[in-house]
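According to TrEMBL, the protein has these features:
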| type | residues | note |
| --- | --- | --- |
| COMPBIAS | 14-24 | compositional bias 'Acidic residues' |
| DOMAIN | 234-366 | domain 'O-acyltransferase WSD1 C-terminal' |
| REGION | 1-25 | region 'Disordered' |
| TRANSMEM | 107-139 | transmembrane segment |
Amino acid sequence: SLQPIDTTRAAGNGEEEIAQEEEPLSPAARLFHEPKLNVYIIAIMGKSSLGPSSPEAVGVFRIHHSLGDGTSLMSPLLACTRQISDPSALPTIPGKKKKQNENKFGWFWRSVMAVFWGLQMFWNTVVNGLMFLATALFLNDTDTPLRGPPGVEFTPRRFVWRAVSLDDIKLIKNAMSTHLAGWSNENDYEATLETKNNLPKNIRLRSTPLANVRPASGIQAFADMMEKNTEAKWGNWIGYVLLPLTIAIRDDSLDYVREAKATSNQKKCSFEAMCTFFSAELVSKLFGIMTASALSHRIISHTTMCFSNLVGPLEDIGFHGHPIAYLAPSSFNQPQMAIVLSVDEGTIPDPHQLCDDIVESLKLIKDAVPSTGLIKDNIKARPIRVEISPLSFSN
């Protein structure tokens, strides 16, 4: 557990008083806590019970952010784990599938499509870059019940999680020809519609996904991270993507997925993440780390929410012989996806209910999939598998 900071001061009567000042748990809070730039990444690991002599337990890893971002820091953490079925084997991290190039068109049409794609990429990058600049300068999201008040980075955070079946998410992905990241963002949005239903329609609400800008995406093997001139770069290689969310109530739950897919396609056809990453690097070199930190704070504080995701190992893993039940908030393990929320309880009084709403929105979307005719009807009868966390964590 975190140790309190002892500060000694002289009282008026000459006696010394010890003031217990608890360290802020949130990474965002640590960024603006003395000493300056003292920012950490928090990872929570849950251990399964092996019997009465081995109760369930939770471990908290606090790692300084200067060592790297979540992608690089998860590599040495996973290097300390082993497969449950083979204690001598490291966990297997799935790689990105390579697409096979199929030349269905002649050179002329390929050239036309390449020019069109380049123009679209340039236009989307310019528009997204201007929106990023406006957000850093003055463009704020609308104040809603989901948005924390000024100074929320200094308040304690509560971590809650739910684990849902990855097969159910793949079912929606394959039926709608979309991607897991796009579904998860729009699913979170649908889960919060009940809260935003009474608000005006002209609401600006955006999320800030943190994008890994490395040439090699995903968690890499620890040995690969240590090699020189490798694509698996060590350090902080993250860019910002401003993702707008449309406020609307849809009769068809799949409309949320379609809207998320359209927005995701527009963002993927853009160098927004790379531009924001190099912009932050340029600001840091020209004006110093404090100015770069202020820029990062303005982007995050001017938007409503922030999220990221990482893929976990294929097998069940253990840490020094102890089976790991979950690892949060950094990754999820197949065949499950862990939905992890880090919230300010003053803004979200009941984070457990919000997790339940997210799971319920997945159920509504999955139940609507058979109507597309792209899967068998008997899939609908298969229940959603949900694992509920027996505990939450806060400071």
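Positions of Cβ are set from backbone N, Cα and C atoms, glycine also.
Bear in mind that TrEMBL entries carry predicted annotations, made automatically and left uncurated.
Across the domain 'O-acyltransferase WSD1 C-terminal' (234-366), DSSP helix (H, G, I), strand (E, B) and coil residues number 60 helix, 28 strand, 45 coil. Mean model confidence for the domain 'O-acyltransferase WSD1 C-terminal' (234-366) is a pLDDT of 81.
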